[in-house]
Amino acid sequence: MGKKLIYYFSQSKCDGNAEMKNLLGSKGANLAEMCNIGIPVPSGFTLCTQVCKMYYNNDKLPDNLCGEIKNFMAILEEDAGCKFGDPNHPLLVSVRSGSIDSMPGMLDTILNVGLNDETVIGLAKKSNERFAYDSYCRFITMYSNVVLQLNHYLFQDILDSARCKNNVESLVDLDVSTLKQIINDFKNIVYENTGKHFPQNINEQLLSSITAVFSSWKNERAVSYRRIHNISEDLGTAVNIQTMVFGNLNNNSATGVIFTRNPSTGEKKCFGEFLLNAQGEDIVSGFYTPLPINNNTMGKLMPEVYEELYIICKKLEEYYKEMQDIEFTVQDGKLWILQTRSGKRTPEANIRIVVDMVNEKMITKNNGILKVDPNTLNSLLHPIFDIQCDKQVIGVGLPASPGIASGYVVFNTYNAEKAVKQGKQVILVRSETSPEDINGMNIASGIMTARGGMTSHAAVVTRGMGKPCICSVNGLHIDKNEGFFVLGEVKINKDDPITINGNTGEVILGILPTILPELSQEFETIMQWVDEIKTIKVLANADTPKDVEIAKKFGAEGIGLCRTEHMFFAHDRINLIQKLIIADSQDERVNALEELEKMQKSDFKEIFSMMVDKEITVRLLDPPLHEFLPNNKQSIKKVANLLGRSIEDIRSKVEQLSEQNPMLGHRGCRIAISYPEIYRMQIRAILSTVYDLRNEKNIVVKPEIMIPFVISEKELILICEMAREEARNFNNVQYSIGTMIELPRAALIADKLAKHAEFFSFGTNDLTQTTMGLSRDDSVSFLDTYKQAGIFENDPFVVLDVEGVGELMKIAVTKGRKSCPELKIGICGEHGADPKSIGFFINLGLQYVSCSAYRVPIAKLVAAHIALNQGHSKFSELTTN
Ligand code: PEP
Ligand code: MG
C-alpha cells in the first residue's frame with residue numbers, strides 16, 4: 001500500500017491532530033484537533049502537503065488520487081446524509097487551501113462546489129430558491145476566477161449593473177428571477193472567454209478545483225508573500241474538502257470572524273465581526289461593512305449562538321494557549337467553526353497578550369519570551385509621530401491597524417514601487433485591497449481604504465505586517481484615473497503628503513513631526529524577564545549625552561562604543577577641529593587642541609556621570625581628517641571667513657588631505673602616529689574627567705580606551721605608551737586600553753595584539769569591507785543578482801558572513817585568548833544587533849554585543865531566545881555568504 005495521502009475529520013472519525021501541521025497544513029491540523037476536542041466542525045478530509053509536492057514534481061496529481069477521493073467523498077456523503085450531485089438532495093463542498101504557515105488570502109478557495117443546473121433545483125427545494133441561486137452565482141464567479149482564470153471584474157460588472165438597475169445595496173436583496181438572469185449572463189461570459197460551457201459535471205468541478213488550489217501555491221501574490229515572510233517555497237499547501245455550511249441560507253444565518261483578544265491592543269476581550277445572510281468571502285473582501293460582535297448586535301439577534309461562540313473562544317484559547325483567530329458560520333441558528341489559528345496581531349498587542357497570559361498562569365515566562373519575535377520590536381522602538389502637535393484632521397475611518405505613518409499618496413503598487421525607489425515614504429490609498437496589492441502594501445508606510453471592516457483583507461494583512469491602516473474612511477472618493485482623492489471638502493493629489501493615525505482612524509493633512517516612544521509597562525516586564533535569562537551583555541553604541549540617555553531608556557547595560565569624532569560634528573564644534581587641521585604653527589595647533597579638550601571633557605563628564613558602575617568604551621578619533629573639512633566652493637568660503645583664513649589656504653589643505661580611497665588611507669590610529677598630540681589630547685580629556693569625578697564628586701569610573709584601525713603590534717605599543725605617559729599626570733586614575741579588530745591583519749596577529757590590549761572589540765563593518773573587498777559606503781548594488789544566483793543569502797553588511805568574516809573572528813578569538821586568557825572580547829559593528837548573527841557571537845564566546853540604542857531590546861530578546869534554546873534560535877541561523 002502506498003503512503004497515506006488523505007486524512008478524514010469528523011466528530012466520530014478523525015485521522016489527524018494539531019501536531020500534524022507539516023502534513024495537514026495548519027488549517028487541516030486544527031480542523032482535526034477541533035473535531036478531537038468536540039468543537040462543532042463540518043466533516044471533511046484533507047489532501048496532505050505531500051500531494052502538493054507530488055503535483056509539482058510530476059506536473060499532475062498522483063494517479064491513484066481520484067479513486068481515493070471518491071472513497072472519501074462516499075464517507076462524507078454518509079456523514080452528511082446526502083449525495084454529491086444528487087439532483088434532489090445535493091451535497092455541496094468547499095475546497096480550501098491550507099498551508100503550514102498562515103498566508104491569509106494568498107492561496108485560493110472555492111465554495112459551493114457541486115452546483116450545476118440540476119442540483120441548484122434540488123438545493124432550492126431543500127431550502128429556498130433565493131439562497132440556492134445566490135450560491136450558484138457565487139460558485140460560478142469563484143470557479144471561473146480560480147479555475148478558469150477569468151478576471152473577477154467580468155462578473156463584478158454584471159452584479160454591479162444588476163444592483164444599480166434594481167436599486168439595491170447587495171446580492172441578498174436581488175430577487176430570484178434577477179439571480180437566474182445573472183447566472184445566464186455569467187455562463188455567457190464563460191463561453192465567450194473560454195469557448196466552453198460552464199462545467200456541469202460535478203466530478204470535473206471537484207478535481208479541477210483541487211488542482212487549481214494546489215496551483216495557487218505558486219501564484220504571484222503567494223510567492224511575494226512567502227518572500228516577504230521568509231516562508232520556504234518547498235513546503236506546499238494541503239487542500240481541505242469540507243461539507244458546505246451556509247451563512248447565506250436566511251436571516252438566521254451569518255458568517256464571521258472573531259479573535260479571542262483584541263489584535264490591535266491585546267486587550268483581553270473577544271473582538272470580531274459578522275455579516276447576516278452572507279458567505280465568508282463577503283467579510284474578507286472588504287466590500288461589505290460588517291457588524292461588530294457584541295451584546296447589542298449578535299447578542300440580541302442570535303443570543304444562543306453568541307453565548308456558544310464565547311464559550312468556544314475561551315475553550316480554544318485555553319487549549320492552544322495562544323490568542324486565536326476563528327472563522328465561523330451560522331446556518332439557520334446552528335454554529336459551525338470553520339477554522340482556528342493563532343491570530344495575527346500587532347507587536348504591541350502581542351506583548352500585552354504574552355504578559356497577561358503569563359499573569360493568568362496560562363503560559364510560563366519562558367514560553368512568553370519565546371512568543372515575542374525580536375524582528376517585530378523595531379516598530380515599537382523607533383521615533384513616533386507627535387500627535388499632540390497642531391494638525392488638520394481631514395477625515396476619519398475605522399482604526400484597522402495601529403501606528404502612525406506619514407507619506408506621499410499613491411494609488412497602486414506600481415506608483416508605490418516607483419516612489420519608494422526614489423527614497424520616499426508612501427501611503428497606499430485604495431477602495432479596498434486584495435491579495436494582488438501585497439507588494440504595494442509591503443513597501444508602503446501605511447494603507448488607507450474607502451471600504452472594508454476591521455477583519456477585511458487590508459486590516460488583517462497590515463496587522464500582520466505591523467503597519468498602520470485605516471479602513472472605511474467616511475466620504476473617501478478615489479478618482480477613477482487615480483490622480484487624486486476627495487475627502488469631504490479636501491482634494492488630495494497623488495504625491496501630496498498625508499498622515500494616517502491607525503490608533504484613532506484619523507486622516508491628517510501633511511507630515512507630522514516625531515518624538516521618542518514611551519515603552520509600555522508590559523514591554524518593561526518582558527525585558528526584565530529577558531535580562532534574567534540571557535547570557536551575553538548587551539551594550540549600546542552612543543556618542544553624545546543625548547544618545548546615552550536614549551541607550552539607558554532602552555536598557556543598555558553600558559556603552560560599548562563611543563565614537564569620539566561624533567562629538568565634533570555638531571555645527572558649533574566642527575570649526576574647532578577644522579582650526580586644528582589647518583593650523584600652520586605649533587601655537588595654533590596647541591590652541592585649537594586646548595579648546596577641543598575642554599569640549600570633550602565636558603561631554604565625558606556628562607556621559608561618565610550617567611553611566612556610573614557601567615562599562616564605557618571610548619574610541620579615539622577614527623575617520624580621515626578630510627571628513628571634517630568643507631567639500632564645495634560655498635562651504636570652503638564660509639569656513640575661510642569663519643577661521644579668518646584665505647579661501648586658497650583652505651582649498652589647498654582640502655587638496656592635500658584628499659585620498660582616492662579615504663576609508664583605506666590615513667585614518668584611525670595612523671593619525672595618532674602622524675599627529676600624536678590629537679590622541680594625547682583625547683586621552684587627557686578622558687583621564688582628567690575620571691580624576692575630577694573621583695576627587696570632586698566621589699564618582700568612580702573606569703573607562704576603556706579603544707584604538708581603531710590597528711594593523712600592527714607596534715602601533716598599539718606606541719599608543720599604549722602615550723596613554724601611560726598621560727596617566728602619570730593623574731594620580732591613580734583607572735582605565736583600561738584595548739583595540740578594535742576590524743582589519744584582517746589584526747585578526748591574524750591577534751596573539752601579538754593581545755599582549756598589549758586588555759580587550760578586543762570586533763568592528764565588523766570595516767572587517768566585512770576589508771575581508772570581502774566590498775565598499776561599506778555604497779549599497780551592494782548587485783545584491784539581488786547575487787541572491788538570485790544563490791551566491792549571497794543576505795546583505796553581508798547586515799547579516800554576518802560567517803564563512804569568511806566569521807572565520808577571521810574565530811582565529812582572532814582563539815589566538816587572542818591563547819596569548820591572554822582573561823582577554824575581554826565583544827563586537828561593536830552593526831551586526832551586533834542582527835537577530836540572525838547574534839547566535840554566532842554567543843557561540844563564539846564573546847562577552848558582549850554593542851549596537852545602536854534602538855536595537856538593544858531586540859539584541860537582548862534574541863540572546864534570551866538563544867539561552868532558552870541551548871545556543872539556537874530560529875532567528876539566528878548561521879549563513880554562508
Ligand atoms: C566597525 O568598523 O565595525 C566599527 C564599529 O567602526 P566604524 O563603524 O566607526 O568604522
Ligand atoms: Mg571601523
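All residue numbers here begin at 1 and follow the chain in the order shown.
Glycine residues also receive a Cβ, built from the backbone N, Cα and C atoms like all the rest.
Averaged over the domain 'Pyruvate phosphate dikinase AMP/ATP-binding' (60-290), the predicted model has a pLDDT of 92. Feature annotation from TrEMBL assigns domain 'Pyruvate phosphate dikinase AMP/ATP-binding' to 60-290 (among others).
Residues or ranges marked as domain 'Pyruvate phosphate dikinase AMP/ATP-binding' in TrEMBL: 301-360 (among others).
The domain 'PEP-utilising enzyme mobile' feature in TrEMBL is assigned to 424-505.
H457 (active site, tele-phosphohistidine intermediate): 23 other CB atoms within 10 A of its CB, across all protein chains. What TrEMBL lists as active site, tele-phosphohistidine intermediate is H457.
Annotated domain 'PEP-utilising enzyme C-terminal' per TrEMBL: 520-866, in sequence order.
In sequence order, P708, M740, I741, E742, C828, G829 make up the list of same-chain residues 6 or more apart from G763 (substrate binding site) whose Cβ falls under 8 Å from its Cβ. The substrate binding site feature in TrEMBL is assigned to R563, R619, E742, G763, T764, N765, D766.
The number of other Cβ atoms within 10 Å of the Cβ belonging to D766 (substrate binding site), over all protein chains shown, comes to 24. What TrEMBL lists as Mg(2+) binding site is E742, D766.
The Cβ of C828 (active site, proton donor) has 28 neighbouring Cβ atoms from other residues within 10 Å, across all protein chains displayed. Look at C828 (active site, proton donor): DSSP puts it in coil. The active site, proton donor annotation in TrEMBL covers C828.
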Dominant neighbour of the domain 'PEP-utilising enzyme C-terminal' (520-866) in 60-290, 301-360, 424-505, by Cβ pairs under 8 Å: 301-360
Which of R563, R619, the listed binding-site residues, has fewest other Cβ atoms within 10 Å: R563
Any further residue of that chain within 8 Å (Cβ to the Cβ centroid of R563, R619, E742, G763, T764, N765, D766) of the recorded substrate site: L561, D622, P708, M740, S761, F762, L767, C828, G829
Rounded distance in angstrom between the Cα atoms of T764 (substrate binding site) and H457 (active site, tele-phosphohistidine intermediate): 41
Cα distance (Å, whole number) from H457 (active site, tele-phosphohistidine intermediate) to R619 (substrate binding site): 50
For the binding-site residues T764, N765, the one whose C-beta sees the most other C-beta atoms within 10 angstroms: T764
Euclidean distance between Cα atoms of H457 (active site, tele-phosphohistidine intermediate) and N765 (substrate binding site), Å: 40
